[in-house]
């Protein structure tokens, strides 16, 4: 009969993972509870997988993203910019906001090629590269969510306060709003970066993405507060829609613009929710006093989970052009007209029109009606 160790006799399992610090006055029961919480933490989704299995899964997901989503996001956002700029005289106020949203998404899609094959999260060991990618990611995130928040507020003004705000809802004020939103997005990223960089300037492995204060700001300013405002706007919009339906009904054009903005907001929420939950779980866990950001990096602890939530966030920038193409009838007509102008050969012209007709459904309204000034 084989000899057993004392640990085996009492059924004790030895925990080899990272050890959490225990308070000086902690009891054995409290220490065991903290270890149990660590093992059952929500972020620990891949504890039963080997490093090789996690690498294979991450590589497979990265290939799927690169083959299917990246071309849609890259080409789609460029088309939104090129087509709308080509017909700038027919550009509406919602189109102007969507152009800026497409520019922000295009930045992230281009940056995603670096991040998408960061399979073992080793890019975060390079301080300059980690900080560079984090800055681009945050600027895109802030600009996207700020534009969506402002677009929701603009829809509320167009539906509920049309008479009072008609003089202020002009293209000039829309361009000014876009400029202010970009300034706010850059400031919300660079001001915290400057502050924490001065404090951690002597740390060789400093990474902007791993600073807890920056992560709290990202979750609060980039997710919780904007979506609270968006939720309030849409609750007021629903009330305005009920009133409009009772009295005179709502113009079809306003309904379509509202439906498209709501779809973009919903996709943004679904794609960015895992990233913010992942960061929040890390922030709510205990941190050892005096630890540097390198030692607190949650992306090193859960590389596969971090990779999955990053891919989900990048997917938002790839799906927005699809929503804009299928729900934006004005853009579909502009795209057909743009293709007709750029394809001089009759055979190529017919092929492009047939392809567009097969991929993008026909509009139900005439083009001259859709190109009229928007609300």
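Residue numbering: from 1, along the chain as shown.
Just so you know, glycine gets a Cβ as well, placed from its N, Cα and C.
Counting every protein chain shown, the Cβ of residue 207 (disulfide bond) has 25 other Cβ atoms within 10 Å. Residues or ranges marked as disulfide bond by Swiss-Prot: 130-207.
Sequence annotations record features per position, and here Swiss-Prot assigns N-linked glycosylation site to 32 (among others) based on sequence analysis.
Positions annotated as N-linked glycosylation site by Swiss-Prot, on the basis of sequence analysis: 44 (among others).
Residues or ranges marked as N-acetylmethionine by Swiss-Prot on the basis of similarity to another entry: 1.
Per Swiss-Prot, the feature topological domain 'Extracellular' maps to 1-62 (among others).
Look at Swiss-Prot and you will find 85-96 (among others) tagged as topological domain 'Cytoplasmic'.
Per Swiss-Prot, the feature topological domain 'Extracellular' maps to 121-132 (among others).
If you look at the topological domain 'Cytoplasmic' (154-175), the same-chain residues 6 or more away from its ends with a CB under 8 A from one of its CBs are 91, 93-94, 96-97, 233, 236-237, 239-241, 244, 250, 254, 257-258, 261, 375. Here Swiss-Prot flags 154-175 (among others) as topological domain 'Cytoplasmic', drawing on sequence analysis.
Taken from Swiss-Prot, the feature topological domain 'Extracellular' covers 195-220 (among others), and the record attributes it to sequence analysis.
The annotation topological domain 'Cytoplasmic' is assigned in Swiss-Prot to 237-259 (among others) on the grounds of sequence analysis.
The feature topological domain 'Extracellular' is assigned by Swiss-Prot to 281-306 (among others).
Look at Swiss-Prot and you will find 328-375 (among others) tagged as topological domain 'Cytoplasmic', backed by sequence analysis.
Per Swiss-Prot, the feature transmembrane segment maps to 63-84 (among others); the stated evidence is sequence analysis. When Cβ-Cβ distances below 8 Å are used as the criterion, the transmembrane segment (63-84) is approached by residues 91, 95, 98-99, 102-103, 105-106, 109-110, 112-113, 116, 311, 314-315, 317-322, 324-325, 331, 334-335, 338 of the same chain, each at least six residues removed from its ends.
Swiss-Prot lists 97-120 (among others) with the feature transmembrane segment.
If you look up Swiss-Prot, you'll see 133-153 (among others) marked as transmembrane segment. Long-range contacts of the transmembrane segment (133-153) within the same chain, counting only residues at least 6 positions beyond its ends with a Cβ under 8 Å from a Cβ of the stretch, are 94, 97, 100-101, 104-105, 107-108, 111, 114-115, 123, 177-178, 181-182, 184-186, 188-190, 193, 207-209, 218, 221-223, 226-227, 229-230, 233-234, 237, 261, 264-265, 268, 272, 313, 316-317.
Look at Swiss-Prot and you will find 176-194 (among others) tagged as transmembrane segment.
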Residue 130 (disulfide bond) has its Cβ surrounded, within 10 angstroms, by a count of other Cβ atoms equal to 23
Same-chain residues at least 6 beyond the ends of the transmembrane segment (260-280) with CB under 8 Å of its CB atoms are 42-43, 94, 101, 141, 144-145, 148, 151-152, 155, 215, 218-219, 222-223, 227, 230, 234, 298, 302, 305-306, 308-310, 312-313, 315-316, 319-320, 323-324, 327-328
With the cut-off at Cβ under 8 Å and a gap of six or more residues from its ends, the chain residues touching the transmembrane segment (176-194) are 96-97, 100, 104, 131, 135, 138-139, 142-143, 146-147, 150, 208, 211, 213-214, 217, 221-222
Per the Cβ filter (under 8 Å) with a sequence gap of at least 6 from its ends, the transmembrane segment (307-327) is approached by 58, 61-62, 65, 69-70, 72-73, 75-77, 79-80, 98, 101-102, 104-106, 108-109, 112, 115-116, 118-119, 121, 137, 140-141, 144, 256, 259-260, 263-264, 267-268, 271-272, 274-275, 277-278, 335, 360-361
Taking every residue in the topological domain 'Extracellular' (195-220), the average pLDDT works out to 76
